[in-house]
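A.B. asks: Attaching a single structure in structure tokens format; questions to follow.
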Amino acid sequence: MIKVVFMGTPDFSVPVLRRLIEDGYEVVGVVTQPDRPVGRKKVLTPTPVKVEAEKHGIPVLQPLKIREKDEYEKVLALEPDLIVTAAFGQIVPNEILEAPKYGCINVHASLLPELRGGAPIHYAIMEGKEKTGITIMYMVEKLDAGDILTQVEVEIEERETTGSLFDKLSEAGAHLLSKTVPLLIQGKLEPIKQNEEEVTFAYNIKREQEKIDWTKTGEEVYNHIRGLNPWPVAYTTLAGQVVKVWWGEKVPITEPAEAGTIVAIEEDGFVVATSNETGVKITELQPSGKKRMSCSQFLRGTKPEIGTKLGENA
């Protein structure tokens, strides 16, 4: 039986681990990030992958730094024939990459060489792409730069969010892995080098990227809102207060107006001007310190005026 070590951390990784177990591989260990304090009460919480591994009685390693000798030697002691990673969250050292008979492979949520990095799902939507996908490739020490083994495309729908695409890609990754591993073991795959001239990056989202830039086009603002839903959530400011914007709709604007100003107030939301003739009607938001709500609920208690400017005094 093929002995596999799985390395992964978030919800995205769980279907991949589950599929390895279902397909009959001997998962001799799981490597995941350390437990983290979560929520206002800072409750120490295990990763989704750790929770899944413990359901199946699989030993779990949680190195703070996998590159340290005493940590990676614990992985090597498991003597895996194959290592599979999916959103593990640390750069894996060569000592591990070179050890397994069948190598180390990674399930990455983009069509490499596009969108290398930790936030490919967010960026696919924020950049307005109509398709993305899964790549399974050999791992190297350089970020997401290994030779490609298999790929599958996944369509991005007009109203797709990072949350819905995350779920689709997670399942697509598990399915593609199920088809890829037997071919890899049988030596039937021809690795393809990535074209370095076509590389783009999707680095982890920073706080300053979450703010809506109303001077962009309506399409770009709409994609920004979708791409940060349900986490970390786009925001703007209204009357000096931070407001998270959970959802909006593209609407035509007939009269020119300064980007970021409210140009219409309707029953289900208010329309904000952008840099072109497409405005964005905010329909779901979350004022600072309050719960997420529909804009119609918000408008029952707060009455912004037409001409009010959003995005100031953040």
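Even glycines carry a Cβ here, placed using N, Cα and C.
According to Swiss-Prot, the protein carries these features:
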type	residues	note
BINDING	Ser110, Leu111, Leu112, Pro113	(6S)-5,6,7,8-tetrahydrofolate binding site
A.B. asks: Please identify which of Leu111, Leu112 has the densest Cβ environment, defined as other Cβ atoms within 10 Å, among these binding-site residues.
C.D. replies: Leu112
A.B. asks: Compute the mean position of the Cβ atoms of Ser110, Leu111, Leu112, Pro113, which form the recorded (6S)-5,6,7,8-tetrahydrofolate site, and then list in sequence order the other residues of that chain whose Cβ is within 8 Å of it.
C.D. replies: His108, Glu114, Leu115, Arg116, Pro120, Gly133, Thr135, Asp144, Gln151, Gln194
A.B. asks: Quick one: of Ser110, Pro113, which of the binding-site residues has the smallest count of other CB atoms within 10 A?
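C.D. replies: Fewest other Cβ atoms within 10 Å, among the binding-site residues Ser110, Pro113, is found for Pro113.
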A.B. asks: Secondary structure at Ser110 ((6S)-5,6,7,8-tetrahydrofolate binding site) (DSSP, helix/strand/coil)?
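C.D. replies: Assignment for Ser110 ((6S)-5,6,7,8-tetrahydrofolate binding site) reads coil.
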